[in-house]
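Here it is: the structure, laid out below.
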Amino acid sequence: MEDLSSPDSTLLQGGHNLLSSASFQEAVTFKDVIVDFTQEEWKQLDPGQRDLFRDVTLENYTHLVSIGLQVSKPDVISQLEQGTEPWIMEPSIPVGTCADWETRLENSVSAPEPDISEEELSPEVIVEKHKRDDSWSSNLLESWEYEGSLERQQANQQTLPKEIKVTEKTIPSWEKGPVNNEFGKSVNVSSNLVTQEPSPEETSTKRSIKQNSNPVKKEKSCKCNECGKAFSYCSALIRHQRTHTGEKPYKCNECEKAFSRSENLINHQRIHTGDKPYKCDQCGKGFIEGPSLTQHQRIHTGEKPYKCDECGKAFSQRTHLVQHQRIHTGEKPYTCNECGKAFSQRGHFMEHQKIHTGEKPFKCDECDKTFTRSTHLTQHQKIHTGEKTYKCNECGKAFNGPSTFIRHHMIHTGEKPYECNECGKAFSQHSNLTQHQKTHTGEKPYDCAECGKSFSYWSSLAQHLKIHTGEKPYKCNECGKAFSYCSSLTQHRRIHTREKPFECSECGKAFSYLSNLNQHQKTHTQEKAYECKECGKAFIRSSSLAKHERIHTGEKPYQCHECGKTFSYGSSLIQHRKIHTGERPYKCNECGRAFNQNIHLTQHKRIHTGAKPYECAECGKAFRHCSSLAQHQKTHTEEKPYQCNKCEKTFSQSSHLTQHQRIHTGEKPYKCNECDKAFSRSTHLTEHQNTHTGEKPYNCNECRKTFSQSTYLIQHQRIHSGEKPFGCNDCGKSFRYRSALNKHQRLHPGI
């Protein structure tokens, strides 16, 4: 910026002070400081000249608004913001050369004419020569080319015009002058932007100017000392230098954010006001900036004017092309000062820096969770709303984020474009490859501040931290159960929906979880390399062998904190805990009965369908449950390996022994909440509870009669089948019920 003590600045300050003088009769409007172009004249401007016109015009408008001299938005401002051409149909006055308006934009200042009334204002340019500063005169007259203009310029190098009267078509410079408090910008508003009627000589001069106007390209004499870039005009150089100095003189009063350009401040302030003046005719969407509307409209038109010379890929925005080209060049101009990591895109660089600062400015109103990126917040909010906008055409599954949808789609295509150079393993996502490569290096850069545990992945650390905080922000809308991880909630929801999206391509078996499918697929491809030394049973995974060996060792490392009962497997403990919590998430659609395990629901459904898939090879009898078949088969072998220590009675199943031992101990652990009656077996409690609810879930397929207990249904079905399974060993008579056999046996002597 120039020193305010310079002759130029003194002149401009003098003009500024005239604003408050008593003799200033008319306020400055935007019409006083605008240059109009015809379509033909506009085409003569090169891109640099058009950019300069846009920048200066928008800047002038900003300053007029800031001091209260402009209220409504002129059409030319809207045109410039939207990126359209701001030429007029018929010019009211002739305009000089293309260089003419540029010089006037930067240098034009006029002497005050306070006695001219509004009626006397004219849209004509009157140039009367009066004495002023040498350099100012030279710059002003430089662009006016008409007959004899070069000679006149040479003659006036040492003599300055005494007075310059500037009309509504002349724009003053805003680069110099006193500081405007609202914008923090050096602003000068000339108070003498008035007009008067042209003289005949002036009219003749204007005609001569129009007839002899030819575009003259100005030499790029203003050079940047930092990078060597040259500009035709010093105002453009001043704006460019802000990229080196970091100067941001335009400050927002709402949030204190500063900008290097005034038009950027205007656009930013619309964030606070919510003003979106640029509306799309196709979909009605509003935008803060005109260029944003232009870019958006290409979505509807499909226009992609920016094409990559390397690969031919086209883009709707020039910035996207620039970013894309860095893929070919490998350029990464944005480097982090903290860790030295480089990025090809500024947005990625800004997001990365939040890792070091810990900044998470985007907060969810529902659960108060914060995020480093607005896109992450938007995707997260869909968890609460249930919105799933991305639908797979293959299987119909919907997703709330594009990245999740893309990853899912690779399941159908089998695409795994990211391959490890060490072991050749391929992945469908680049992030998975990056994580996998740490298994070769052993790198664990993420440490827990609570316990010091290290992790290879940041996501693993984030999940681990929830163990310390106990945070469970993801809640199921069906049953209210909460989870620490979004993925756990997604998997849990499949319990309610019965969804099994992961199907084995070999045998067609479907699974609710991808991990289960991966494990299952190993049964087709992998050998069972892990063999039990006790019984010789082989397993695909070492973890499965370790679990199996607990059968032989009797190890039960998982203990219930409620009752102290121990279990061999963690899954068994989880299922057991549901007894204490009363949780029964698996509900039958036929009768509404709920179960705490999915397998119990599957077995229960066979009551309604009548399915008995387990058949005895000895006698052909079929059973609903595999365990029932196993129990039945022991009647053929007479095997009863489980003996009671009290009475030496033997049983074919350990569960029967456990139930029998309660006769000796009197233990009745299953208590009814309604009447406090206790039972030694859970099945007895379940059947008893039906007496309170009146529920009769067991239905006869023959006569549709219902029963509260399964044993009653079994006994009833013998009426239809004629089955009499209880035979007397003495006389061979058979009975439908065991109680009837017991009564009959009393008739024989010695019983």
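Residue numbering: from 1, along the chain as shown.
Backbone N, Cα and C define each Cβ position, glycine as well.
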Quickly, which of K206, K210, K438 does Swiss-Prot have down as SUMO2 cross-link? Just give the residue.
K206
Test of record reading: of S117, S173, S204, S374, which one does Swiss-Prot tag as phosphoserine?
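That would be S117, per the phosphoserine annotation in Swiss-Prot.
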Could you let me know which of S6, S199 shows up in Swiss-Prot as phosphoserine?
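According to Swiss-Prot, the phosphoserine annotation belongs to S199.
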Which whole number is the mean pLDDT over the zinc finger (502-524)?
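When the pLDDT values over the zinc finger (502-524) are averaged, the result is 81.
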So are the zinc finger (502-524) and the zinc finger (530-552) touching or not, going by 3+ C-beta pairs under 8 A with a sequence gap of 6 or more?
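Checked: the zinc finger (502-524) vs the zinc finger (530-552), in contact.
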